[in-house]
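These come from TrEMBL:
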DOMAIN    3-416  domain 'Enolpyruvate transferase'
BINDING   LYS14, GLY86, ARG114, GLN161, ARG338, ARG381  phosphoenolpyruvate binding site
BINDING   LYS14, SER15, ARG19, SER159, GLN161, ASP307, LYS334  3-phosphoshikimate binding site
ACT_SITE  ASP307  active site, proton acceptor
Amino acid sequence: MNGLKGSIKVPGDKSISHRAVMFGAIANGTTEITGFLQGEDCLSTVACMKELGVFIREEGEKMVIESNGIDGLKEPRRVLDVGNSGTTIRLLSGILASLPFSSVLVGDDSIAKRPMARVTGPLKMMNAFIDGRENGQFTPLFIRGGNLKRVHYISPVASAQVKSSILLAGLGAKGKTKVTEPYRSRDHTERMLQSFGVKVTVDEDSVTIEGGQQLQGTKVQVPGDISSAAFLLVAGALVNNSAISLIDVGINPTRTGILDVLKEMGAELTITNEKNFGKEPVGTLNIKTSELRGITIGGEIIPRLIDEIPAIAVLATQAKGTTIIKDAEELKVKETNRIDTMVNQLKELGANIEATDDGMKIIGPTPLRGGQLVDSFGDHRIGMSMALCGLIADKPITVKNTESISISYPSFFSDLNDLT
Ligand SMILES: O=C(O)C1=C[C@@H](OP(=O)(O)O)[C@@H](O)[C@H](O)C1
Ligand SMILES: C=C(OP(=O)(O)O)C(=O)O
C-alpha cells in the first residue's frame, strides 16, 4: 500500500479514563473529565459506577461526575457487569472491599477465565469477605467489604491492576497500606490520587498510602493512549513512504517501553511539543518508514509495554535479525493467551516465529502472505495487530471479529483511513 501521511489525535488513554471515573465516583464534589475514552471497557466502568448510585452525565465533550464521596455509594440492586474489562473488575474490587455492603461482579467469557486471586487474595488478607468460583479465583465474584485492616503486600507480579486495587482498599483501612512490586508498573493511580488531593508516598518499587483520606473532585484531562498510538507507530514504521504525527499522546515513563523499543530497533521516531495534562506528560510522536533490526526485550521494560507486545511482534517480523521477547508470561492471562494467538497467526501468514515459555522468538525480515482469514478471537489488541499485517502483506487479509477493537480504540479504522 501507499504511504501513511498526516497527523491525528488518538483517543483517550484507557487506564486513565477508568481511573478518572472511579476516582470521581468516590470523591467529594464534582469531577470533570475531558478526552474520556468512549471505548467499551471504560463504558463498563461508567455503567458499574452508575449502578452503585453515582451521578454521571455527559456534557458535550465532558464527562461530569457528582458524588458525596465513597460513603455515598449504595449497595447495588443488580450484578455489576464489567464486560471484557480486567481493569474495571480488579480496581472496583478494591473499592468495594472497603464498603459495608454486598455486591456481585460478573463479566464476559474472557473475564471468566482471567485470574482474580491476584486481587482477591490480598483483599481477603485485609479482611474483606470475597468469594467466587474456585474459592475466589474466578468470576462471578461476591464481595462484602468493610472494616479493613492495613497490609504490606509484596506482589509477585508487576501489575498496576493489583497495586491499584490494594491502594484503593487501603484508603478505607486504618494505618498505612503499602504495595511492593518486582518492577514498577504504570503509575497512573499514584499520580491521579494526588490530583484528587490524596497523599501518596512513592519509593523505588513501593507505594504507600494512609487510610482515611477523602478524595476531592477535580478536573482531569485525559492524554491520548500510547497503547492505541502504538499500532499507528508500527504502521508508520512499516508501510513504505510513511510520515505521521500523533498529537498529545501520553508519555508517562511507566508506559513508554514501546518508544524505547522502536528507537532501539532503529525507527525514525521523534517526540515534539512536550507538555503536561495535569500530572501526566504528553507529547507529539512523529515517525517515518524505517529500516529495523531485531533486539532482545525483557526484564523491567515488560510492564512498560505489556499491551504493545502483539504490535511489536508484527514489527519484529519486518526487522532484520532476531527479536526475542522474554519475561512476558503475563501475556498468557490477557483477553486471550496473546503469545499463542500471535505466534499461531503470524506463522500462518509466513513469519518465522516460535513461542517460548515466557514470550516469543522472531527472525526477520519475512514477507507476510495475504489472501488469508485471521481472527481477533475477541481480543482488541489481536484484532488491531492482524489489521497491521493486512497493511504490509502482498494481498489483503480478512480479520474476523473486528468489533472487539471498540474495547479500546473504536475509531481505529477511521483513523487509519484518515492517514491513507
Ligand atoms: O492498570 C491498568 O490500567 C492496566 C494494567 C495492565 O494490566 P496488569 O495490571 O494486569 O499488568 C494492562 O495490561 C491493562 O491493559 C491496563
Ligand atoms: C489487558 C488489557 O486490558 P484489561 O486488563 O483491562 O482487560 C488490554 O487493554 O490490553
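Using the three backbone atoms N, Cα and C, a Cβ is placed for every residue, glycine included.
Positions of TrEMBL features highlighted on the structure.
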residue : record                           : Cβ contacts under 8 Å, 6 or more apart
LYS14   : phosphoenolpyruvate binding site : LEU37, GLY39, ASP41, CYS42, THR87, ASP225, SER227, SER228, SER408
SER15   : 3-phosphoshikimate binding site  : THR87, ALA160, ARG186, HIS188
ARG19   : 3-phosphoshikimate binding site  : LEU91, SER164, HIS188, THR189, MET192
GLY86   : phosphoenolpyruvate binding site : ILE111, ARG114, GLN161, LYS334, GLU335
SER159  : 3-phosphoshikimate binding site  : ARG118, GLU181, SER185, PRO303, GLU330
ARG338  : phosphoenolpyruvate binding site : ILE309, PRO310, LEU331, LYS332, ASP379, ARG381, ILE382
Can you list which of these binding-site residues (ARG19, ARG114, ARG338, ARG381) have a Cβ closer than 6 Å to ligand 1? none
Three-state secondary structure, which DSSP defines for SER159 (3-phosphoshikimate binding site): coil
So if I take the binding-site residues (SER15, ARG19, ARG114, ARG338, ARG381) and measure from each Cβ to the nearest atom of ligand 2, which come out below 6 Å? ARG381
Determine, from DSSP, whether ARG114 (phosphoenolpyruvate binding site) sits in helix, strand or coil. coil
Let me spell it out: for each of the binding-site residues (ARG114, ARG381), count the other Cβ atoms within 10 Å of that residue's Cβ, using every protein chain shown. Which one has the most? ARG381
On the three-state reduction of DSSP, what should I expect for LYS334 (3-phosphoshikimate binding site)? coil
Identify, among the binding-site residues GLN161, ASP307, LYS334, the residue whose Cβ has the fewest other Cβ atoms within 10 Å in this structure. LYS334
For a quick check of understanding: given the listed phosphoenolpyruvate-binding residues LYS14, GLY86, ARG114, GLN161, ARG338, ARG381, what is the maximum Cα-Cα distance in angstrom, as an integer? 19
